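Q: So TrEMBL has the following annotated:
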| type | residues | note |
| --- | --- | --- |
| DOMAIN | 12-223 | domain 'Glucosamine/galactosamine-6-phosphate isomerase' |
| ACT_SITE | Asp66 | active site, proton acceptor |
| ACT_SITE | Asp135 | active site, for ring-opening step |
| ACT_SITE | His137 | active site, proton acceptor |
| ACT_SITE | Glu142 | active site, for ring-opening step |
Amino acid sequence: MEVVILGGSRQIGRLAADAIEELVTRKPEAVLGLATGSSPLPVYEELAARHAAGLDFSRVSGFALDEYVGLPEGHAESYRNVIRREFTDRINIDPANVHSPEGSATDIPAACAAYESAITAAGGVDLQLLGVGTDGHIGFNEPGSSFASRTRIKSLIERTRRDNARFFNSLAEVPHHVITQGLGTIMDARHVILIATGAQKAQAVRDFVEGPVAAICPASVLQFHPHATVLVDEAAASALKLADFYRHTYDNKPSWQGL
Ligand code: F6R
């Protein structure tokens, strides 16, 4: 796991966008794993600007990490709509190639299996963007999630519902259920970039980067990922024991290495 401590969200957005630009230039039909929430927004902002300057996404595909269950069709906070609004409507990706779990499916297990098949049929995820919850979740894999899990329905922990209530009119509107790629699904991505900013993420970052690998902290499974990059600002890095070592390593990294 590579930990990069940066000055702020703009720098994080630029560095993650560099990795995505390098990928889609090298592999125009790249498959991106797309997170929602606040953490990836600077990356989407930066990629939209690079698209305006000529970066081509016409052959790229995208798979959202997760979706709420039970929101009315077209709800502004459904992750399908958030991904479109914040990112895919701002670039020239083919809308037919942007996929989200089917939160309104009548047969949820079948929809989850179909989602897994669609990821496999696309050739697997090349680069997965992730945020992390204050409880250590990635996707909506809450504490206790199986490390082998695939796309399925999950219940949200109350803390996550409270964290996400800022996007809704009230806590009561935040759904209790979600469909999320599993930890096993996320671990199959060829490169994972997790972004965490702000002091409220410091404990989760410390737990998953330097704590034991344990289901109580789902993001800790990334310690087993062969290519996981963690981009954090100073506040999110503030509880890391080895922060100086991560800074030294990144500052002295060979320029040919990339992320
Ligand atoms: C969103 C997702 C979640 C968020 C996490 C952090 O698709 O899967 O794991 O990444 O809840 O959310 P923010 O970035 O809003 O703090």
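The backbone N, Cα and C atoms fix where each Cβ goes, and this holds for glycine too.
Surface or core, plus neighbours and distances: that's what I need for these features.
A: Neighbour count (other Cβ atoms within 10 Å of the Cβ, all protein chains): 24 for Asp66 (active site, proton acceptor).
In the three-state DSSP reading, Asp135 (active site, for ring-opening step) counts as coil. Cβ neighbours within 10 Å of Asp135 (active site, for ring-opening step), excluding its own Cβ and spanning all shown chains: 19.
If you take the C-beta of Glu142 (active site, for ring-opening step) and look for same-chain residues 6 or more apart in sequence within under 8 angstroms, you find Gly133, Asp135, Lys154, Ser155, Leu156, Ile157, Thr160, Pro218.
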Q: Measuring Cα to Cα, how many Å separate His137 (active site, proton acceptor) from Asp66 (active site, proton acceptor)?
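A: His137 (active site, proton acceptor) to Asp66 (active site, proton acceptor), Cα-Cα distance: 12 Å.
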Q: Anything from the active-site residues Asp66, Asp135, Glu142 with its Cβ under 6 A from ligand 1? List those in sequence order.
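A: Cβ under 6 Å from ligand 1: Asp66.
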Q: Can you check what DSSP calls Glu142 (active site, for ring-opening step), collapsed to helix, strand or coil?
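A: Assignment for Glu142 (active site, for ring-opening step) reads coil.
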